[in-house]
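Enquirer: I have a structure here, written as structure tokens, and I will follow up with some questions on it.
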Amino acid sequence: MAHQALPFAITLDILKRRLPAHLQEPKIGIVCGSGLSTLASALRDVVEVPYSELEGFGTSTVQGHKSSLAFGLLGPGNGIPVVAMLGRFHPYEGHKLSTVVYPIRVLARLGVRNLIITNAAGSLNPKLPVGTIVAIQDHVAIPNMAGPLNPLLGPSLGPEYPRFLPLSNAHSIKLRRLAFLAAHKLGLADDALAEGVYAWVSGPTYETPAEGRFLRAAGADVVGMSTIPEVLAAREEGLEVIVLSLVTNFVVIPDKYRSIKEEVKAELAGKPIEQPPQQVVSHQEVLNVGKQKADVMKDLVAKIIEMIPTD
Ligand SMILES: O=P(O)(O)O[C@@H]1C[C@H](O)[C@@H](CO)O1
């Protein structure tokens, strides 16, 4: 889809007709990662609009991703109007990159200025065990660097959009400071919220051990199959962005490979070598950890939102 053909006016008109006045101009957006759609349970006065009703939106086909926008209020008093994407689109599902980032551009047009993006990710760093939430400080986007998977490729959306977007400031310091202050206010343990670098891979395959080692050597702490296209579009739209990755598994990186040659030789010599079962990652494991940690992520996101200054 060429940028010029994006149906913003239609999508915005549908939303205007579906939403009560007090929810029409959310200032803060949330993207819910795999297994994290329950983040929306922190909202009051919720109105859910299925993606199927929204021109330009696709359908999320991944287990653990609902397909709707949830509008509601969060925080004390009258509350802050917020919109949550319950489910996202990944390029590996076959969605075009323009579709993957379309909801982010719609959120920007509704008035969202701060975006909290969550995801499930595999850990490459022994110091980031399963269950840790990682405030992303930087990213390595392999598909952007080595293939045509950059969502900003193509004609510019307009003269007000920078042709060459800087990314050295992609991950908001202001929002990351709020995240650590929020964790402190919630009394979370020091290691519950860490900092690290996210590697974006296209998926849908999980990493081979050699790929895991490669990403670690490239400076990444966690790896996932989403988020970075959303960050790029959000930055292009002028939003402040924070990414919170929930570590759901370790990427399998054994210290050394099993030598099948040695095993066969030992077997032939009548001294077979016992081997532990091979480890593999599964999406079910990812969803289970998402479920276990959804409440911590929800409390953290809600507290950050309460602390974002409103003008
Ligand atoms: O949408 P997110 O990044 O939270 O989902 C992760 C990446 C893949 O979509 C899936 C792999 O288990 O979980």
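Glycine too: its Cβ is placed from the backbone N, Cα and C atoms.
A TrEMBL annotation is a machine prediction, not a hand-curated record.
Among the features that TrEMBL reports, phosphate binding site is placed at SER34, HIS65, ARG88, PHE89, HIS90, ALA120, SER226. Among the features that TrEMBL reports, purine D-ribonucleoside binding site is placed at GLU207, ASN249. Taken from TrEMBL, the feature domain 'Nucleoside phosphorylase' applies to 27-253.
Map these features onto the structure and tell me what's around them.
Expert: The Cβ neighbour count for ARG88 (phosphate binding site), using a 10 Å radius over every protein chain in view, is 27.
Around GLU207 (purine D-ribonucleoside binding site), the same-chain residues at least 6 positions away in sequence with a Cβ under 8 Å from its Cβ are GLY122, VAL201, LEU215, VAL223, VAL251, VAL252. GLU207 (purine D-ribonucleoside binding site) falls within neither a helix nor a strand when secondary structure is assigned with DSSP, and so counts as coil.
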Enquirer: Taking the binding-site residues SER34, GLU207, SER226, which residues show a Cβ-atom distance to ligand 1 below 6 Å?
Expert: SER34, SER226
Enquirer: Please tell me which one of the binding-site residues listed here (PHE89, HIS90, ALA120, SER226) sits closest to ASN249 (purine D-ribonucleoside binding site), measuring Cα to Cα?
Expert: ALA120
Enquirer: Which one of the binding-site residues (SER34, SER226) has its C-beta surrounded by the most other C-beta atoms within 10 angstroms?
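Expert: Compared across SER34, SER226, the most Cβ atoms within 10 Å surround SER226.
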Enquirer: Just to confirm: which same-chain residues, 6+ apart in sequence, have a Cβ under 8 Å from the Cβ of PHE89 (phosphate binding site)?
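Expert: PHE89 (phosphate binding site) has long-range Cβ partners GLY58, SER60, HIS95, THR99, VAL100, PRO103.
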Enquirer: For ALA120 (phosphate binding site), what residues in its own chain, 6 or more apart in sequence, show a Cβ-Cβ distance under 8 Å?
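Expert: In sequence order, the residues whose Cβ lies under 8 Å from that of ALA120 (phosphate binding site) (at least 6 apart) are GLY33, SER34, GLY35, LEU36, GLY224, SER245, LEU246, THR248, VAL286, LEU287, VAL289, GLY290.
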Enquirer: Please state whether DSSP places ALA120 (phosphate binding site) in a helix, a strand or coil.
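Expert: Looking at the DSSP assignment, ALA120 (phosphate binding site) belongs to a strand.
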